[in-house]
Every structure is written in structure tokens, then in C-alpha cells.
Amino acid sequence: MGVATTGMVRTMLAMQAEREARGMEPPDWSAVAAVVRNGSRVASLPLDNLLVGTSRTYSANSWVTDSAAAATAYSCAIKTHNARVAVDGDGRSCRTVLEALKEDRGFATGLVATSRLTHATPAAFAAHVANRGDEAAIATDMTRPGLLDVAFGGGLGYLTPSLIADRRPDAAFVTTPAQLAATTTTPVFGLFGSGHLDYELDRTEDAQPSLTTMATKAMSLLQARVDDGSVPGFFLLVEGSRIDHAGHRNDAAAHVGEAIEYSRTVAAVVAHAEAHPGTLVVAVSDHETGGMTLGRDGTYAWYPEVLLQVHASADVTGARLGSTFTPTDNATDAEENDALRAAIAPYLSFSLSESEASSLRASLAAGQGGTAVRNLVNARARIGWTSGGHTGVDVPVHAFGGGDTFRGSMEDIEIGRRMAQLVGVSLPQIKQE
């Protein structure tokens, strides 16, 4: 096929980009664009010129998919039941595009995610289990000898140093941004947190790398294999996983912050593709999460500038306030509200009204600080949510280097099938076990 490199960004950017950026749909991107514009109504995002179609996301047993079934549609080109990871409805493993490119064409392969690497979406490209919750089995399966050349993300609790040493003794193992920056060879596993990585709003540079940093490093390492002639190309899955998680939490600021970082990643991936002709990039969400609305309660307005004044996720803000803000004996309500305003200032740079401060104090006393902060920001910005879970709407499809192949409205399994076809392998393939 003449494909030198294959990159899949989940939009989830799953925004799926779930790779992909997970959990995003048109209202979510409208929010991102408005925040990026910061008051200007003319601005563009890296995905704007890549939009080619839409994908229908239902699974084999539900009109509302989960990430395991949705990712399997992309990785294996089959519809399967919710919770199944690269396994069909009869319990048989399906060959993934990553496995096919490794085994049939000798490609180098990689996974990058801000979730645990054993979480549903990255797992669906490199492991096979009947239930996504069996992350120990996923960790064992995705560390098969020779399968992955690069793996960066969270999940140190499952992808332990001892497991990597036992299953992949040929691989380097890094756990800090400094070690990642110093890495020059593959195979390499980079695990930067025991669970999911921090939201971009909460991340510190010296503790965890960004999605863009991980993706850029992965592309550099894999491209070096192509350049030295050791492999004909590479496949890389990049997922902006925590877009979805913020959607589940209805945390608008964290959601948009993750999407903005995903947008930076897409720009880096497309720049790489432009510099290396023959590269295919597909950016698609596996589903939408949260049912975000821009405007609520019958008002014809929403205020993106509010999100620019939020400097930590709602859960982190609530937890820190809960541990540091202590009511003062004999203080008046007004004095307590002033003290709360001072305590919350590092996290929210807009001033709380008396009613907002009093309500937040009551929520903190009840141990509901994170929920109260989310509700406060959503109300200020006039952002609504219809769910704390996934929704069944179609999601946008973006592509570079083969965009016409993905033009129009299609089933999610067509994304997987057509992507595989473009890079010279055939899907679906059910393994006879």
C-alpha cells in the first residue's frame, strides 16, 4: 500500500480522537473552539480541516455503546457486546489491526493513552478478554513477546515492573518525564501513574508527561525504526482518554482542558504526517459522553470565559478545600464566605457570590465539595449535561492522508475495515480457538 506510517488518534480529539478522543461530539468541540478563541469568534482548530464524516456508535447489544465494544469496532471491524475487549459475541477473539500489521507486514506498533493502558480502548488493540474489568489478564496479554514496541500511559498498578521484566525482558521501563525524554530505543514501556494520569488541569510537568509529549516521543521512536530500514512502517494508537472521564464527571473545565491538549496532539500528529508522505491519520471518537449542552435552563447564552478562570479539576478543588478549609468558631456567615473565597482563589479566579459561597460551604461540610464545584462552574458558564454516562449520538470522523475513504455517514466497524484496507491488511478476522 506504500504506507510508511499509520497513526490513529482517538477522539476521543477520541476528541476521540479517542484517538482518538473519547467522549466528544459537536457541542464539545464548539466549547473547545470558544475557549481557544478567548472572546474572538474567528479561530480554527487542527481538526477543522480534517472533518470528513460521521460514525454510528451502537454496539451489538445496546443502542448506547461502552468503550470496549466501541474500540473493538475500530480495532477488529466487528460489532460486539458492551464490556468485551477484542472478543466477539460468541466469546471468540478477533484479530486487531495492530496485530495484523505487526504479524503480516512487520510494522512497529505502539499505544499511548492518558488512561491506564489496560483500560478498554487501548486494550482493545492489544488484548482479548470477555470482560473489560479483567485488567490483570489484559496486562498479561498485551505484554506478549514482541507485540508492542512503545507503550506510554498510566496503569503501573497492572503493568508492574515485575510483569514487564518477566514478559518483556527486552524492553526498557521508564516512569518519569525525564526518563522518557532520555529514551532513544525501542521496545520501551513508560508508565507514569498507578492508575489514570492526571487531568491536564491538574498535571505537573515534572511528575507526568502530557499526551502531546508522549505521542511525539512515540512517533519519533517508531519513525526511527522506519528510517533505519528495520520496519516498513508503524501503527500508533493515541487516546485522549480523560476527555471521557471528565464527561462522566460533568466537569466542563476539565473536559475542555483535556480536549485542548488533545487538539495540540492532533496538530503534532498531522505535522508528522505532512513530513512523511504516505501516512494515514484517523481521528474519531468511540462515543459521546455526558450529553453536554452549551446553554441551559431556557437562556440563550453560554459563557466560555468562565472555563478560562478554572485552574484545577472539580474533584481536586473539592478535595483540597475539604482538607484545608476549616470553619472558624464565632465567625459570621459573611466572614466564613470571605475565608472560603480566599481558600478557593488558587483554583477559581472568579469571585463567589454570597449565595454561591454559602452553598459551597454547606456542600464541603457534607463531603460533597467536588460535586458542588462542578455544579457551580456549570451554572456560571450556562453549560448543561444530560447524563453521567455515554450517549448514543453519532460522532465526527476526521482523517488525513486518506480522507475520501472515510467520507460520509458510516457504521463504526467501517472505520476499522477501511483503515485496515488502506494499510494493506484484511479485517475482520475471527480467531478459531
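Cβ coordinates come from backbone N, Cα and C, glycine included.
No curator has checked TrEMBL annotations; they are predicted automatically.
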Query raised in the report: His119, Thr121 bind Mg(2+) according to TrEMBL; which of Glu239, Glu258, Glu261, Glu274 goes with them?
Result: Glu239
Report summary line: From candidates His128, His390, His398, TrEMBL puts in the same Zn(2+) site as Asp244, His248, Asp286, His287 the residue His390
Report task. To the nearest whole angstrom, state the Cα distance for the pair His248 (Zn(2+) binding site) and His119 (Mg(2+) binding site). Result -> 15
Query raised in the report: Out of Glu239, Asp244, Asp286, which of the binding-site residues has the smallest number of neighbouring Cβ atoms within 10 Å?
Result: Asp244
**Report entry** Asp286 (Zn(2+) binding site): nearby recorded positions from Ser67, His119, Thr121, Cα cut-off 10 Å
**Finding:** Ser67, Thr121
Query raised in the report: Taking the Cα atoms as reference points, how far is Asp244 (Zn(2+) binding site) from Ser67 (active site, phosphoserine intermediate) in Å?
Result: 10
Report task. Could you tally the C-beta atoms, other than its own, that fall within 10 angstroms of the C-beta of His248 (Zn(2+) binding site)? Result -> 17
Query raised in the report: If one measures from the C-alpha of His390 (Zn(2+) binding site) to the C-alpha of Glu239 (Mg(2+) binding site), what distance in angstrom results, rounded to a whole number?
Result: 17
